[in-house]
Amino acid sequence: MKKILVIDYEVAIRDLIELVLRRENYVVQTAENGKVALQLLDAFGPDLVVLDLMLPDCSGYDLCKEITGRRAVPVIMLSAKNEVIDKVLGLELGAEDYMTKPFDNRELLARIKVILRRNESKEESSEGTEVKSTRIVHQELTFDLESRRVLKNGVPVSLTAKEFKILETLLKRPDKIFTRDELLQIGWGYDFMGDSRSVDMTIMRLRKKLEDNADEPKYVRTIYGFGYQLGGGEA
């Protein structure tokens, strides 16, 4: 069963979301502030986080950045703020989706299901990439689908949810060249308000974390005029 962490200072909303999710057979843990949320992030290991922006001990934006920096987990932001700039900021900081309060429980549930389906792993093997149950091994990289962790030469690499999703997509189809629009749809969804430059920025951050020399990438290669493809490990 999928595990969901709900972070909201308002008891009534927190309890309502928990009730709705438990009825759908999700395993749910709740937190009323950022400190408890970060403790549960490590102990509970959620598959998805529902995060309200207004928390008593920290900014929801800062917490979202901290969560996605620690673990490649999708985050749905909840907020009473309906300005475009607030939504864009949340998405730029790594949130997968953004909903304004008040919201319909059915819509929240539908969005959770869509995101979880989009993040479900499909085992696929191909030349140069070895799939072992929930792990993909490619050169020095080990990609753990279950814990959603990436290791390079055995050392953990901290990725945001979108960086993780882009790398997962490339690793599963090393033979395919993905256009920016394809990666945008995979990582951000069809209703994302930004453009393909978001893909370029994410790839740039991904290279800084993975490559020995980001200017001469081995793992995430640019195919000029087409898009991006997994490299064979040699520059």
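Any Cβ shown, glycine's included, is placed from N, Cα and C.
A TrEMBL annotation is a machine prediction, not a hand-curated record.
Note that this is a predicted model, so its numbers are computed, not measured.
Quick look at what TrEMBL annotates:
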- 3-116: domain 'Response regulatory' (DOMAIN)
- ASP52: 4-aspartylphosphate (MOD_RES)
- 133-232: DNA-binding region (DNA_BIND)
- 133-232: domain 'OmpR/PhoB-type' (DOMAIN)
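In the shown protein chains, 22 other C-beta atoms lie within 10 A of the C-beta of ASP52 (4-aspartylphosphate). Under the DSSP three-state reduction, ASP52 (4-aspartylphosphate) is assigned to strand.
Residue counts for the domain 'OmpR/PhoB-type' (133-232) under DSSP, split into helix (H, G, I), strand (E, B) and coil, are 35 helix, 24 strand, 41 coil. Regional average pLDDT for the DNA-binding region (133-232) in the model is 84.
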